[in-house]
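Features as listed in TrEMBL:
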- 22-31: compositional bias 'Polar residues' (COMPBIAS)
- 75-104: compositional bias 'Basic and acidic residues' (COMPBIAS)
- 1-75: domain 'DEUBAD' (DOMAIN)
- 1-31: region 'Disordered' (REGION)
- 64-110: region 'Disordered' (REGION)
Amino acid sequence: PASAQRLKPHLPPAPPGGTQDDAANQFSSALTSGQMGPVISQFGLPAEVAAAANTGDMQAFFKALESTANQSDSSKSKDEDTKDDDKKDDKPKDGKTDEKKDGDGAMSLD
């Protein structure tokens, strides 16, 4: 410790974002050790993501994340397509627009 204090003035300043780096290192260590599976499952992610986290294989973990993200994106776009189709069905079938029944499309103040 005494020698560390003497050498400290000669060291370059610590890079900013040290706590973010520490968090990333801790996440990486927990993932590669296979300890992240239970934590991942608590976030409500699919079982295949938690299983990949249990293996400790970072590449498998991120591939599982990507595949589930792609699946949810495609299901969202299918849901939006269905909603668009439903909106098309809401149009009047006789082809008329929402005109007033008296034939006057504008409002008048009497």
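Every residue, even glycine, has its Cβ placed from backbone N, Cα and C.
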- Query: What is the three-state DSSP composition of the compositional bias 'Polar residues' (22-31), stated as helix, strand and coil residue counts?
  - Reply: 10 helix, 0 strand, 0 coil
- Query: What is the three-state DSSP composition of the domain 'DEUBAD' (1-75), stated as helix, strand and coil residue counts?
  - Reply: 57 helix, 0 strand, 18 coil
- Across the domain 'DEUBAD' (1-75), what does the pLDDT come to on average, as a whole number? 88
